[in-house]
Amino acid sequence: MWAWGWAAAALLWLQTAGAGARQELKKSRQLFARVDSPNITTSNREGFPGSVKPPEASGPELSDAHMTWLNFVRRPDDGSSRKRCRGRDKKSRGLSGLPGPPGPPGPPGPPGSPGVGVTPEALLQEFQEILKEATELRFSGLPDTLLPQEPSQRLVVEAFYCRLKGPVLVDKKTLVELQGFQAPTTQGAFLRGSGLSLSLGRFTAPVSAIFQFSASLHVDHSELQGRGRLRTRDMVRVLICIESLCHRHTSLEAVSGLESNSRVFTVQVQGLLHLQSGQYVSVFVDNSSGAVLTIQNTSSFSGMLLGT
């Protein structure tokens, strides 16, 4: 009894399974039939041999996304898109990063050719030319009437050398201006320009400039020696003064005592003075001793224009 029940149940299960299998087989056949239908086309012309076209639906089942994908697959591959992409990649790569640090310096270049050797003689000659140009430029401000055209005479346009005509007595405790000069006729003496007055012993500046002056006086103090012992305040001063105002303007001065054992001694004074145009200079002797002094006729007075 129990055996017959188990047999009937098994037979019923087999029938049910067979029916399900037949339904699955039928569905598979329908699917393959749809694949083999004329709606499926092969796109050999588009370069995809053997590819199948998905089934088309006539209803709302066909979506825009599906058609877009089909158009993308079927598009001609001409390589322009890849070129555009490569161009964009290069451009983006060129602008993406910051510039790097500068590279290391390169190796030094070859040494240059040796320079021209400069001798001390060449340097000295060049220095002399520079000095000459500077001197000519310094004197370029003088009036043309005072500058001769000859280059050898341009540096000294006013100069003089003169001597006393005769001895000059200087009384005790007095200040005397020396006058009465003469231009020596011996070789070596000179008188250039028109600024010197020999009779007055005065030189008048033709232009505002710097001048050099010198006076060399031979003093005879034999009378003072005969009086015995000299005092400490017995001395003589020689001055070159501007406008006869020795204490108001700058003056050149030399002081000498009278303790010399010789009968005649020499007092010299020299230096530079700046004179305005029209000012004059002259030589003065200040005798502070208690006896008369004699300035011998060999005493001299000289001067020259240096520059503006």
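Each Cβ is built from the backbone N, Cα and C atoms, and glycine gets one as well.
Under the heading compositional bias 'Basic residues', Swiss-Prot lists 82-93.
The feature compositional bias 'Pro residues' is assigned by Swiss-Prot to 99-113.
Marked as domain 'C1q' by Swiss-Prot: 153-308.
Swiss-Prot lists N39 with the feature N-linked glycosylation site, giving experimental evidence as the kind of evidence.
As annotated by Swiss-Prot, region 'Disordered' applies to 36-119.
Summarising the annotation, Swiss-Prot assigns signal peptide to 1-21.
Counting only same-chain residues at least 6 apart in sequence, those with a Cβ under 8 Å from the Cβ of N287 (site 'Not glycosylated') are V170, D171, K172, K173, T174, L175, V176, V236, L293. N287 (site 'Not glycosylated') carries a strand DSSP state (E or B). The site 'Not glycosylated' annotation in Swiss-Prot covers N287 (among others).
Cβ neighbours of N297 (site 'Not glycosylated') (same chain, under 8 Å, six or more residues apart in sequence): R163, L164, K165, G166, P167. The site 'Not glycosylated' annotation in Swiss-Prot covers N297 (among others) and rests on experimental evidence.
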Secondary structure tally of the compositional bias 'Pro residues' (99-113) (DSSP, helix then strand then coil): 0 helix, 0 strand, 15 coil
